[in-house]
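The structure under discussion appears below in the form of structure tokens.
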Amino acid sequence: MDSALSDPHNGSAETGSPANGTTRPPSTPEGIALAYGSLLLMALLPIFFGALRSVRCARGKNASDMPETITSRDAARFPIIASCTLLGLYLFFKIFSQEYINLLLSMYFFVLGILALSHTISPFMNKFFPANFPNRQYQLLFTQGSGENKEEIINYEFDTKDLVCLGLSSIVGVWYLLRKHWIANNLFGLAFSLNGVELLHLNNVSTGCILLGGLFIYDVFWVFGTNVMVTVAKSFEAPIKLVFPQDLLEKGLEADNFAMLGLGDIVIPGIFIALLLRFDISLKKNTHTYFYTSFAAYIFGLGLTICIMHVFKHAQPALLYLVPACIGFPVLVALAKGEVTEMFSYESSAEILPHTPRLTHFPTVSGSPASLADSMQQKLAGPRRRRPQNPSAIYEESSPKDPTAVTESKEATEASASKGLEKKEK
């Protein structure tokens, strides 16, 4: 997954409307409560487990699971890229046939969804395989160029267990492709969210504030200022949002009156919450104060979003409430504990990734990436010795700077040599 998400951030939680323009009977209070409660629960699951897996991901040495780090420059550009993508999709839906666009997007997310779901369920499925299961290792490697100019395009390591998970995920993919059922949509959406929180890492808290602040403005503008985001959310038939029917109690699994929550409202705050978990671990105090504080802040912000949306009957930009809560609550805790400086000076890559030094070029080496990283770390940890660049430097450092001292030392050497010759003659 790229550091800039390829799908547009759908920043509204809103009630779906019928495609044919007919009015539906109002949902029951029980159905509305069930729908909103389910959306809240589904949003919390990928954040919680994705944050935990982000710690293991950062500490791991598998090249196929290395996280993508978001820098402050990426964070500043992200709202602009997301706005261009959102507006482009809106124009596409206005100009071209919605049916063909969604068919193309369905095939694209069919492949991505299978891969994301397979990666999500793989750790859980490993517990069900017997000990004598014939597990073989595989590596998918694509390179470009040759010799010193060889560059890796794809380097993915997997095993037989991963192939079994891929087969199970393909069943869900075919179900989604043929039926577009809301359960299959949610399975893919949860997988995308969890993978995003796990594999997208903010390098520090300042970058997180830049990203959330920029998307705060983005979300408010595109939801309140125009109808672009709501139109794309309703027209875009892809698993970029979590949905839950409000008429589930009346129609069962065939219900079609949906409340929806965009994946961006899960992933964007989620990667910030995961960063605070890694910050908690770096403090080495055996407490997860900032993680639990930000997690509770997310629950408060999303709950407030749902309440306001239900009262005013209008789509709400969730980040309008999530950003102040997710940033403000942890900062207040840091102020109370006197750890504001530690929080904003924390670097995620420096604390969690000591085995991956930054390289400005790619040397030609032999061996596995893990052995290379270990050897480089040992060299970096060893004592450094300064070596002079040329012999003249040795003479300059050892010889005195006073010319008269040089002359005196030469005369003393010649005198001692002549005395030695006289003793030999005697």
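Positions of Cβ are set from backbone N, Cα and C atoms, glycine also.
So that you can see what the record holds, here are the features copied from TrEMBL:
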type: COMPBIAS; residues: 12-25; note: compositional bias 'Polar residues'
type: COMPBIAS; residues: 366-378; note: compositional bias 'Polar residues'
type: REGION; residues: 1-26; note: region 'Disordered'
type: REGION; residues: 366-426; note: region 'Disordered'
type: TRANSMEM; residues: 33-55; note: transmembrane segment
type: TRANSMEM; residues: 75-93; note: transmembrane segment
type: TRANSMEM; residues: 100-121; note: transmembrane segment
type: TRANSMEM; residues: 199-224; note: transmembrane segment
type: TRANSMEM; residues: 258-277; note: transmembrane segment
type: TRANSMEM; residues: 289-312; note: transmembrane segment
type: TRANSMEM; residues: 318-336; note: transmembrane segment
Most Cβ pairs under 8 Å with the transmembrane segment (75-93), selected from 100-121, 199-224, 289-312: 199-224
Chain residues outside the transmembrane segment (199-224) and at least six past its termini with a C-beta under 8 angstroms from it: 1, 3, 9, 11-12, 54, 57-58, 65, 67-72, 74-76, 78-79, 82-83, 86, 230, 264, 267-269, 271-272, 274-276, 279, 315-320, 323, 326-327, 343-349
Interface-richest range of 100-121, 258-277, 289-312 toward the transmembrane segment (33-55), CB pairs under 8 Å: 258-277
